[in-house]
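Residues annotated as domain 'OTU' in TrEMBL: 122-248. Summarising the annotation, TrEMBL assigns site 'Interacts with free ubiquitin' to Ile198, Tyr212, Asp214, Tyr238, Tyr243.
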Amino acid sequence: MAEEQQQETTQGEMEAGGVNCLAYDEAIMAQQDRIQQEIATSIPLVSDRQELSVLQREYAVEDTIYQLKIKVSKPQESCITRFESQISSLFKAVAAKSKLDLVNQGFTEFTIEDFHNTFMDLLELCEKQPGLCELLGSFRDQSVSDYIVVYLRLLTSGYLQREHGFFQHFIEGGRSVKEFCQQEVEPMSKESDHIHIIALAQALNVSILVEYMDRGEGGSVNHHVFPEGSEPRVFLLYRPGHYDILYK
């Protein structure tokens, strides 16, 4: 009898421990959500144009690697922000056709139509060269921003799957291109890497140069052009977990 009571007590403790662990995990997740909300309300989705020197204040003085790379970058880049408003007719034509390309691949038109319409509306706005405040307001609108990001993720996924024979060689973990897209490309909040940039640049026929400011050896900032050998029109600064747009 005593043994049965002991077993019941142990089982109860385990269940209580499970509840406590669950409550702890939920508390952590709630705290992370609060932090994300605070960031969202205090930091705009698209910043005003800023001098590159602002980056120096983001890193400690004793962080010699980043401080040196920021100084090296200064003569080459003038300032940073989060968007570029020049829209070419070729880019617009490619963007307009992109929905049909996705539908032909099997994406549901009803599912992607609103995202594509928002994307094209924003291109129309940029083409009109509106005032800076109006343009920034559109990019800072969470609903517009999320729709644009969703559509660009779909475009990236579509191109990767169309060219799966090429991109399969760059995917690790034994996953297919489709599995990679479902897990790493289409979901929101997933970080973009080389493979995403290559695919999106080619899908939209836009040449992108990325300056990589990481903790790699040497005092210089390495850069790559996507696609290779093209003349870049968009310039990005990469820091771990974040991209800024650079103005030459």
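Using the three backbone atoms N, Cα and C, a Cβ is placed for every residue, glycine included.
Values in this document were obtained by computation on a predicted structure and should not be read as measured data.
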Pairwise CA distance, Tyr243 (site 'Interacts with free ubiquitin') versus Ile198 (site 'Interacts with free ubiquitin'), rounded so that it is a whole Å: 15
Cα-Cα distance linking Tyr212 (site 'Interacts with free ubiquitin') and Ile198 (site 'Interacts with free ubiquitin'), given in Å to the nearest integer: 15
Secondary structure tally of the domain 'OTU' (122-248) (DSSP, helix then strand then coil): 62 helix, 22 strand, 43 coil
Cα-to-Cα gap, Tyr238 (site 'Interacts with free ubiquitin') vs Tyr212 (site 'Interacts with free ubiquitin'), nearest whole Å: 5
Under 8 Å by Cβ from Tyr212 (site 'Interacts with free ubiquitin'), same chain, sequence gap 6 or more: Val221, Asn222, His223, His224, Tyr238
Segment confidence, the domain 'OTU' (122-248), expressed as mean pLDDT: 87
Cβ packing number for Tyr243 (site 'Interacts with free ubiquitin'), 10 Å threshold: 15
